[in-house]
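*Asks:* Got these off Swiss-Prot a minute ago, pasting:
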TRANSMEM  64-84  transmembrane segment
TRANSMEM  92-112  transmembrane segment
TRANSMEM  122-142  transmembrane segment
TRANSMEM  161-181  transmembrane segment
TRANSMEM  194-214  transmembrane segment
TRANSMEM  227-247  transmembrane segment
TRANSMEM  258-278  transmembrane segment
TRANSMEM  291-311  transmembrane segment
TRANSMEM  312-332  transmembrane segment
TRANSMEM  348-368  transmembrane segment
TRANSMEM  384-404  transmembrane segment
TRANSMEM  438-458  transmembrane segment
REGION    538-566  region 'Disordered'
COMPBIAS  546-557  compositional bias 'Acidic residues'
MOD_RES   857  phosphoserine
């Protein structure tokens, strides 16, 4: 049985069930769950499916479930296609997802009669709309669960002032425009509650929006990114109260003071239940979870069901239905074990399957054909002017407030742009406005287009004004070569697990720190950000000094719940420092960040501490057919490459093959070892330097020179020269000669040091000379990575190199086919910054960087 939609009364189509005025009004099969007394209850004819029904004239599109499956495929396909098409323009996911949703709406394909009739009939729209709303609620819950509410109290005072100014000024300006143009608005938008809702929506920037866009732009771990998230979080906390006030105003418009009273009573009861019952339940779940494990699956299912229950309760109490999942998420202890388990178990399904239906729901209500001249003039111009004023005042107030608090101009402009980003939370607010009849579908369309345009324009501008890696390049020498002899040398040691740490400690002891030439080590443990929205960088020494303060105790809580693997690394750091405190000072850190952003913590630490080099373990690739216990984290592969590209100092990559036994670790329990230096066990270790010329090899030779003072090390330096000086750079040759001469004069009387020269014509002869060296006699191979090497010496070898982290020679001696079992150390010297820069404020503009797509995938 079928029913016809009334053509002239579109108000009967409830928006939250997915029946949009832009959809075709042709006959269609519908469910009887349409709550309107003006529409008769009808029955749907049930079809019995038959085997091979398509060959008997049966149409699968007559079934709601079959139609829903086709719709799911179309929605996800459109969004992915738009995402790929917009990637070269550096657009975040939210822009492509909204446009993909609009493609199936009346603005594009939804305006085609047959497209709606066969693929998006009303009954299937009803299913899609409800799934889309569920996607919204779970997205808000997950984002809130990653939010560190405790960071609000620890936020710097200037963040609070900037957040307040960036909200108050737009409220005053947008509110003034709204009141001045009130006579030009339709009767629904003229209400004080409606104008107030629009004003607050344009004045606040949602934390979930900032988090998702900055995550897509790889700016979560940047200074401005952290600044923006802190300011947005402060605004969101005020926004929680604004939502309650706004809902109370809408109840006052309908039911007066009596309705407002019972609404507030319901809010208090719901909030008390969440704080007194739900929060304690979460704490109990955490206490029942063994350290280092995921939360029990049954608890996760109960929490995800609780999201739906919170939606039901807030809707029943008259609150915005989104308040429930947000409040519930804020009560979840962020980070491991509960927050991280929720993210691992549900994030992919929510983001990649449920959320596309959310954007389809948004797109179905967006109809650009509503923007006609008379509609624009009579209804939409006040709303449009309010959005423009909101953007301008939000940008100017935030930027000038940041400048007042001595934030650099470039960062202030970037912060002002970030505070204008719009996204998922705003879309849900617009849908809520339709439900409350604050705006009609023309006004809703204006706000959705405002979200798309502002975010699409703002994100490239942010990239244009702000490059987080720009400060890492220093114009000062920060190298091993330029660190004076017999002075303290600083280095950053970056590790991700206990296995790689033992090899790096072995190397540090062979670097032979002494009282006269000590090492200052800044050891940072890299931990993947899980169950948290904001990156966390912990200085363990500072924590000890401030452990009596309450906020430090709160910050320590998520770390107590980390796996035992993290405790092992920190314990190893402490043990190493205790046994070598006369010649080594060590300060330990833990960096929680997304894997693709870990390099920023490493580079910022090296820059701030003015270290000579960064020491990294070589990250092996994962083998597809290997057992899970044998696999090394594939996400760490990009960390070394990013550090090599953006480093503010020299970099050493250590490939531990296990040949160098960690004698020092075994001797660490021996309290009678020398205090002047770290003596190895009485065994001689043979190191070799493959010197091919260039800055990187000069840096490697200076590091090897420090090792040569170790009485347990014999060092061989082999310099490769091209036949007839072919392909040599005169400047590099002179610099190489100077360093080699200095090294030989310094070590001429050292019987444990030898020097040789080999003349080769091409890469084949270079490789043959290396293989003829009794390669299995050497415990450590040291070489430069690539800079300044005579290309003639490597001719023919570059095509066989597979790993650019190690360079051509490093990759050759590290390969499994190479006969040596010795470990490999590859050195890259600092590339100093040439003064100047790119961007508008420097008078230069790199269009390639501006238009090139982001290299990472959106996770």
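Backbone N, Cα and C define each Cβ position, glycine as well.
Describe the structural context of these features.
*Replies:* Residues 20, 22-23, 74-75, 78-83, 85-86, 120, 209, 212-213, 216-217, 355-356, 358-369, 423-424, 427, 448, 451-452, 455-456, 459, 858 of the same chain lie 6 or more positions beyond the ends of the transmembrane segment (92-112) yet place their CB under 8 Å from a CB of it.
Note on the transmembrane segment (194-214): residues 92-94, 139-140, 143-144, 146-147, 166-167, 170-171, 174-175, 178-179, 182, 185, 188, 220, 225, 228-229, 231-233, 235-236, 238-239, 242, 246, 249, 383, 386-387, 390-391, 394, 418-426, 429, 433, 436, 438-439, 455, 459, 533-534 of its chain, located 6 or more positions outside it, place their CB under 8 angstroms from a CB of the stretch.
Panel annotation: around the transmembrane segment (291-311), residues 134, 137-138, 141, 278, 285, 321-322, 324-325, 327-328, 332, 337-338, 340-342, 344-346, 561-565 of the same chain, lying at least six beyond its termini, place a Cβ under 8 Å from a Cβ of the stretch.
Sequence-distant neighbours of the transmembrane segment (438-458) (same chain, 6+ residues past either end, Cβ-Cβ under 8 Å): 20-22, 91-92, 94-95, 98-99, 102, 186, 188-189, 191, 193-194, 197-198, 213, 362, 365-368, 370-371, 375, 379-380, 383-384, 387, 391, 417-418, 420-423, 426-427, 430-431.
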*Asks:* Looking only at the recorded stretches 161-181, 258-278, 348-368, which one has the largest tally of CB-CB distances under 8 Å to the transmembrane segment (312-332)?
*Replies:* 258-278
*Asks:* Per the 3+ Cβ pairs under 8 Å rule, pairs at least 6 apart in sequence, do the transmembrane segment (384-404) and the transmembrane segment (64-84) touch?
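*Replies:* Between the transmembrane segment (64-84) and the transmembrane segment (384-404), which are separate recorded stretches, there is no contact, as judged by 3 or more close Cβ pairs.
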*Asks:* Checking distant contacts: for the transmembrane segment (227-247), what same-chain residues at least six beyond its ends satisfy Cβ-Cβ under 8 A?
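*Replies:* Apart from its flanks, the transmembrane segment (227-247) reaches 147, 149, 151-152, 155-156, 159-160, 162-164, 166-167, 193, 196-197, 200, 204-207, 209-211, 214, 220, 263-264, 267, 318-320, 323, 326-327, 398, 407, 411, 415, 418-419, 533-534.
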*Asks:* Take the transmembrane segment (64-84) and find every residue of the same chain, 6 or more past its ends, with a Cβ under 8 Å from one of its Cβ atoms.
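*Replies:* Long-range Cβ neighbours of the transmembrane segment (64-84): 29, 93, 96-97, 99-101, 103-104, 119-121, 123-124, 127-128, 352-353, 356-357, 359-360, 858.
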